[in-house]
Number of protein chains: 2
Amino acid sequence: MIDEQLSEDERFMRQALTEARKAFEQGEVPVGAVVVWNGRIVGRGHNLVETLSDATAHAEMQAITAAASSVGGKYLAECKLYVTVEPCVMCAGACFWSQLGAVVYGASDPKRGAGRLSPSPFHPKTVVRGGVLQDECEELMTRFFARLRT
Amino acid sequence: MIDEQLSEDERFMRQALTEARKAFEQGEVPVGAVVVWNGRIVGRGHNLVETLSDATAHAEMQAITAAASSVGGKYLAECKLYVTVEPCVMCAGACFWSQLGAVVYGASDPKRGAGRLSPSPFHPKTVVRGGVLQDECEELMTRFFARLRT
């Protein structure tokens, strides 16, 4: 049972990583996200801040808005968000308002992640779990910023 | 000098209130926002959560995205956001990423306002000021929720 759960989380995190790679290729900070409902992806997104010249265009915001449109309701209590990097304050707030059932992330973000805030900005009913495919998610970020510096 | 500043803040808060009344008339929680650059409104927005079935469609998000499009850049350091109610965590995060020069709000929101969080989710360079036309902003909210209960 635990193995099945782990492999489902890894399977969907791979889809979030596919989104993150799209961001990487577009010169965007490589963060990707998918929203899953009943084992099906109902929203996808990757960081589009530079492309749209919009500081709010984070991967999670795109994926949550897409999922709400797809499921036909603003509340996503039966949905799980998979995102390659720990959500920032803005995106944690978006998770709160959409009452996401679960948020699963890969790499931690000690500087901008919502985990550093008190009280937690996530909805009390949202299950939050980090570290899924952490190495791959981190490696993509590290490679992106290393390329920027050269 | 102080009087002039006050009256400019009130003038733009009146524009945010005009946006909030549009939300009220659409059956949305009545919050409105404008973004001002060089004395000119470059972005407007009102709450569209129910209309769009999107929990992220807050007034500030619309106004910030519109302003970024209008000024042609993701950073709004020279801009002021006027919003009728204290920004929530999500919207404070959006203010952070867009590096808004100032955030001016009307009514406080002790329950959902970003002010209750530590550390503050606003950008350290953002000047935050509350209480502008507070009574009018609060009255609109009170009237909305009273109507819901009848």
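The count begins at 1 with the first shown residue.
For all residues, glycine too, the Cβ spot is worked out from N, Cα and C.
What TrEMBL lists as domain 'CMP/dCMP-type deaminase' is A:7-118. What TrEMBL lists as Zn(2+) binding site is A:His58, A:Cys88, A:Cys91. Here TrEMBL flags A:Glu60 as active site, proton donor.
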Please report the DSSP secondary structure of the residue listed as 'active site, proton donor', reduced to three states.
helix
Residues satisfying Cβ distance under 8 Å from A:His58 (Zn(2+) binding site), sequence separation of at least 6:
A:Val31, A:Gly45, A:Asn47, A:Val49, A:Cys88, A:Met90, A:Cys91
Would you mind ranking the binding-site residues A:Cys88, A:Cys91 by how many other Cβ atoms sit within 10 Å of each Cβ and giving me the lowest?
A:Cys88
Cross-chain proximity of recorded positions to B (CB under 8 Å), evaluated over A:Glu60, A:Cys88, A:Cys91:
A:Cys88, A:Cys91
Are there residues of the same chain, six or more positions away from A:Glu60 (active site, proton donor), whose CB falls under 8 angstroms from its CB, and which are they?
A:Ala33, A:Gly45, A:Leu81, A:Val83, A:Pro87, A:Cys91, A:Ala94, A:Cys95
Conformational class of A:Cys88 (Zn(2+) binding site) under the three-state DSSP mapping:
strand
